[in-house]
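As structure tokens, the structure follows; a few thoughts come after it.
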Amino acid sequence: MASPALLMRVVASAYSVAEKAATIVRNVMAAGDLGIVEKTGANDLQTKADRLVQMSICASLARKFPKVTIIGEEELPADEVSEELIEDGHCEEILKKTCPAQYTGIKEEELVIWVDPLDGTKEYTEGLLDHVTVLIGIAYGGKAIAGVINQPYYNYEAGAGAVLGRTIWGVLGIGAFGFQLTEAPAGKHIIVTTRSHSSTLVNDCISALNPDSVIRVGGAGNKIIQLIEGKASAYVFASPGCKKWDTCAPEAILHAVGGKITDIRGNSFQYNKEVKHMNSAGVLATLRNYDYYASRIPDTVKQSLVP
């Protein structure tokens, strides 16, 4: 039996690393001291969970795949990472899948992994736990080709005895797993957008789409989950706040099931290691009917957002 292709090994490891991350996220919350620091302001927070999870993910993946470039959200000192943060396991199920032919020859140094240790930090600090995700996106040739999204608190309102948390993963050419793919109700325009980063531009753009309803939630990972589970028909964010580590994993999963994500002007995101981290021209994503929404974004909005 030939050993599994590098990409499948990276995804299988990222799956276990994300599950370990979820445990850290839950433990920090349970211990009660979130260790909150403001980065650029009250809407840009970092907690002890962000810091520990990033150390865990980056150190665990770097130990197994030393030549891969790993870019994480948090600026952290290069300290020794304690062994208890290292996750060495992998998901056997993923290794059993056949790597798509176009990715079988990938070398470690050609991969870039974008890590958001805790997407939806503000919501985490406010107890909106279902908004929180851990994101590990894998890019090759500047494109997001695989991703892992863990929801540490999935099911947390289901009561005692419920299994907490889930991990969704996907690879272009294989598909995405760990959830039930569902389309939004036909003929309904349900927009999911930011909860804590609203602005006139964000709201003007949404009104122009004449939605039946608007869902405001935290976290880019969470918003893509709303699309693939049929709770929303488009994710629209006409503002520069989102970064590459917010979109890389969700993009791979969305694209793996036939959806589409671009900036507000219709440009694809690039994920090579030299790229700037900010998605300055916002986000437009759908599972289906991308062109319907793209064609209704006002030119004034497009002109206000420079890639």
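If you go along the chain as it appears here, the first residue is 1 and each next one adds 1.
For all residues, glycine too, the Cβ spot is worked out from N, Cα and C.
Feature annotations, courtesy of TrEMBL:
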BINDING   E73, D116, L118, D119, D246  Mg(2+) binding site
8 Å Cβ shell about E73, D116, L118, D119, D246 centroid, Mg(2+) site members excluded: D50, V115, P117, G120, T121, T133, V134, L135, G219, A220, G221, K243, W245
Just how many other Cβ atoms lie inside 10 Å of the Cβ on E73 (Mg(2+) binding site)? 22
Counting every protein chain present, what is the number of Cβ atoms, excluding its own, within 10 Å of the Cβ of D119 (Mg(2+) binding site)? 28
Around the Cβ of D116 (Mg(2+) binding site), the count of other Cβ atoms that are within 10 Å: 31
Given a separation of at least six residues and a C-beta threshold under 8 Å, show me what packs close to L118 (Mg(2+) binding site) in the same chain. V25, T47, A49, D50, V53, Y124, V132, V134
